[in-house]
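Q: Sending over a structure as structure tokens; questions will come in a sec.
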């Protein structure tokens, strides 16, 4: 995945020093885009080992419409624990383990002014099947009314599908991009969502396009980034889904099979909370 290494190099060379709410400090650029073709392999980082199970379980959690960390913890996934402490929840008047109106709620139960709810995921699946040329194949999690009601406002906040010649692509706009820790997760997660959506709509997964707005490297990740840049990318693995699954909401962990994944060792880095 040279696209990702080129991003790291670009921000190291051109990033401007900025502050952040976490008090860590970062270097950042405004605006960057990467493209990943699914025919080239599944874009799971090879220059450091990635926790695929966590990526899959988190995506299934979003698709459930869930906003409580219990499902994650029951599956031994801890990536959201830092934001679900009793202190964090109490600050926003939330029960323990509850993260508020984040991705899962916005994807599956966007609140309407009349008191109802919109299931954006179901709607976009139906729209792709009925009107594949539509330019309204959009899902958003950015709700100005709710962004101050959660510890972390949605970072990957808007995505759109594109259909042409029987092929499905996904374009993600991400407002805030932790390049070292978060972005590799986001690349794999949305590429996986693209692959799943293609299967349930009878299309071929084609390309994941990733637009990053505030693309930043935290100062305490600089050395890790430099280490990663010394590693030559390896051949990407292949992701296979259970072909019997025809409903986007019916996927389970055992329905995903990754073959040929040969990464370098993982590189640890502290998360900015």
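Here the Cβ of each residue, glycine as well, is placed from N, Cα and C on the backbone.
Look at TrEMBL and you will find 155 tagged as active site, nucleophile. Under the heading dUMP binding site, TrEMBL lists 135, 136, 175, 176, 177, 178, 186, 216, 217, 218. According to TrEMBL, the (6R)-5,10-methylene-5,6,7,8-tetrahydrofolate binding site annotation covers 178, 272. Positions annotated as domain 'Thymidylate synthase/dCMP hydroxymethylase' by TrEMBL: 2-273.
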Q: DSSP three-state call for residue 186 (dUMP binding site): helix, strand or coil?
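A: Looking at the DSSP assignment, residue 186 (dUMP binding site) belongs to a helix.
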Q: Would you mind listing, in sequence order, the residues at least six apart from residue 175 (dUMP binding site) in the same chain with a Cβ closer than 8 Å to its Cβ?
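A: Spatial neighbours, sequence-distant, of residue 175 (dUMP binding site): 142, 154, 155, 157, 213, 214.
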Q: Given the dUMP binding site residues 135, 136, 175, 176, 177, 178, 186, 216, 217, 218 in the record, what is the largest Cα to Cα distance, rounded to whole Å?
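A: With 135, 136, 175, 176, 177, 178, 186, 216, 217, 218 as the binding residues for dUMP, the largest Cα distance is 36 Å.
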Q: In whole Å, how far does the CA atom of residue 217 (dUMP binding site) lie from that of residue 272 ((6R)-5,10-methylene-5,6,7,8-tetrahydrofolate binding site)?
A: 11
Q: Roughly how many Å lie between the Cα atoms of residue 135 (dUMP binding site) and residue 272 ((6R)-5,10-methylene-5,6,7,8-tetrahydrofolate binding site), rounded to a whole value?
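A: Roughly 36 Å, rounded to the nearest whole number.
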Q: Pop the Cα-Cα gap between residue 272 ((6R)-5,10-methylene-5,6,7,8-tetrahydrofolate binding site) and residue 186 (dUMP binding site) into the table, whole Å please.
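A: So the Cα of residue 272 ((6R)-5,10-methylene-5,6,7,8-tetrahydrofolate binding site) lies 16 Å away from that of residue 186 (dUMP binding site).
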Q: For residue 178 ((6R)-5,10-methylene-5,6,7,8-tetrahydrofolate binding site), what residues in its own chain, 6 or more apart in sequence, show a Cβ-Cβ distance under 8 Å?
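A: Residue 178 ((6R)-5,10-methylene-5,6,7,8-tetrahydrofolate binding site) has long-range Cβ partners 155, 216, 218, 271, 272.
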Q: Of 155, 217, the recorded positions given in the record, which has the fewest other CB atoms within 10 A of its CB?
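A: If we count Cβ atoms within 10 Å for the recorded positions 155, 217, the smallest count is at 155.
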